[in-house]
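If you check Swiss-Prot, you get these features:
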CARBOHYD  Asn56  N-linked glycosylation site
CARBOHYD  Asn167  N-linked glycosylation site
CARBOHYD  Asn275  N-linked glycosylation site
TOPO_DOM  1-12  topological domain 'Cytoplasmic'
TOPO_DOM  31-377  topological domain 'Lumenal'
TRANSMEM  13-30  transmembrane segment
Amino acid sequence: MLISARRLRRCQFLQLLASCFVLSLMALLVQEDNSLISHVKSYSYRYLINSYDFVNVSLSIPRDRLDGAASYRYLLNNRHICLNEDVLLLLFVKTAPENRRRRDAIRNTWGNEDFIRSQYDANIKVVFALGAEGDPVKSREIQQDLVNENKRFKDLIQQDFSDTFHNLTLKLLLQFGWVNSFCPSAKFIMSADDDIFVHTPNLVSYLKSLPIETQDFWIGRVHRGSPPIRRKTSKYYVPYEMYPWSSYPDYTAGAAYVVSRDVAAKVYEASQTLNTSLYIDDVFMGICANKMGLVPQYHVFFSGEGKSPYHPCIYNKMMTSHGHLDDLDYLWRQAIDPNVKSISSGFWGNLYCRFVNIMLLCRISYVDTYPCSAAWS
């Protein structure tokens, strides 16, 4: 009887433990904003159905009702930037009016057009896309500073919508609308945040290696089957009323991506018939692209939200790295150092960098920079 009682208590304990586990799991599953459930739903839709025609139809509106970028006035415009020039890459940097230091850092490093032209024989144009200061107390002074800045550098493109997170889609329309109107001959167009490091020499070399008439080209950090975030405290919260479906079409992270000029034209065309109230610009871009039958291509050296490891073996292949504010000058000097190429050259150099990249990128604790597969590329 003693043994039976012990066994009984043990069984009761295990049952209690199992019940607690099941109840805890149920409590998680019934939460509306549960991330696991959202991802299961979105991936199920992405891989079982994978059709977003109804999204395109639902978000389409007549042209006469579109509140697009065409209704916003240019406060600053440099329409002659591309005039009579053969431009390999037109690079838009999404910036805020008050971020002068970031713009200057970019001009002095990876956005230095003269350096790229002289050292890499490529004509790139770097322009800064922004809206207007929303604070009426600061707006006059900041706008005058922008006017003075533009007189000196002639690289600001500004419209009179309020420069806020919820107007990022308007900034996207500003970029593709400006390309369509003032620089349609640029072979490639890039959009990047102002806290991004772009390894322009690597990017230019890559773009120059592509066929002359490359079409349907769209590369970056691809998000596939991503669900809308329903958590109201999130910066990226999207209510059901705005987007009721369980999955977004495939899109590239808005931090940095590159498209060919035909893709820019197609996205702009699609944007003219879609509701622009969805304020997450990279998702809106994905919807526009999906409507035109465009598919993004994953490039392993376009970073996610994380910052690239500092190492010459990484610099040799990196395209972008996210989250750089005070270290652009240091990273730029390191990245273009002639010794970087020599470190990875030859059999032993390649083997050494392969080992280093595996150690840096193939971690159990994943950091959102480059995937482990980048170590083998």
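Just so you know, the numbers here start at 1 and follow the chain as drawn.
Glycine too: its Cβ is placed from the backbone N, Cα and C atoms.
Taken residue by residue with DSSP, Asn275 (N-linked glycosylation site) is part of neither helix nor strand, so it is coil.
The CA atom of Asn167 (N-linked glycosylation site) is located 13 Å away from the CA atom of Asn275 (N-linked glycosylation site).
Neighbour counts of Cβ atoms within 10 Å were compared for the glycosylation sites Asn167, Asn275, and the top value is held by Asn167.
If you average pLDDT over the topological domain 'Cytoplasmic' (1-12) in this model, you get 60.
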